[in-house]
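Student: Pulled from TrEMBL, these are the listed features:
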DOMAIN    6-184  domain 'GTP cyclohydrolase I'
BINDING   76, 79, 148  Zn(2+) binding site
Ligand SMILES: Nc1nc2c(ncn2[C@@H]2O[C@H](COP(=O)(O)OP(=O)(O)OP(=O)(O)O)[C@@H](O)[C@H]2O)c(=O)[nH]1
Ligand SMILES: [Zn+2]
């Protein structure tokens, strides 16, 4: 990431809004924002698949594994302001092929750390799991508040956007999908 370029750009924005980028409180702001962007956009140079280490379990658990209420923060690509909420990630393992529970949360974290759309974030989590674990099915539900809808624009504070991505068996099997949805809502 080109931190010097970010610093120059932030300085330009401060000037453009009529601020004095050299006043005491703003002096370090371009540098702070450059460091912050390096952190919150770190997902741009990462492959979420690298987080999903696989392990095999001999007993071959093939029932639902669901990690609920994974908190996440991302940045809306239209306005570059945060959207944030909770992700729920479930899969039906095949052939004893599992991953660590925390790794599912790491995938959510990584795909959130770039300019995003909630729909794309949701689909990228599902597709990462499909590619790495080749499970019978994947279900991802994301609920989020978009600051571009709450602090500005239509200003609908408290409104939530819910997106889902289902793959494999959850696409075909309404009963399995409803069971997972019930557990997510529980
Ligand atoms: N589908 C989708 N839309 C999003 C997401 N984040 C923000 N948006 C929407 O992107 C749209 C951008 O619309 P524009 O009309 O180009 O921008 P705008 O003039 O700032 O629109 P308003 O927010 O309605 O004031 C808005 O309707 C946002 O609510 C997202 O993750 N997914
Ligand atoms: Zn937005």
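All positions are counted from 1 along the displayed chain.
Just so it is clear, glycine is given a Cβ too, placed from its N, Cα and C backbone atoms.
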Student: Sequence gap of 6 or more, Cβ distance under 8 Å: name the residues on the same chain that satisfy this around residue 79 (Zn(2+) binding site), in order along the sequence.
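Tutor: Looking at Cβ-Cβ distances below 8 Å from residue 79 (Zn(2+) binding site), excluding near sequence neighbours, one finds 147, 148, 152.
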Student: Taking only the residues in the domain 'GTP cyclohydrolase I' (6-184), give me the average pLDDT of this model.
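Tutor: Here the mean pLDDT over the domain 'GTP cyclohydrolase I' (6-184) amounts to 96.
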Student: Show, in sequence order, which residues other than 76, 79, 148 on the same chain lie with their Cβ within 8 Å of the centre of the Cβ atoms of the Zn(2+) site.
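Tutor: For the Zn(2+) site the neighbour list reads 75, 77, 78, 80, 81, 83, 146, 147, 149, 152.
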Student: Are there residues of the same chain, six or more positions away from residue 76 (Zn(2+) binding site), whose CB falls under 8 angstroms from its CB, and which are they?
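Tutor: Sequence-distant Cβ neighbours: 82, 83, 115, 116, 117, 146, 147, 148.
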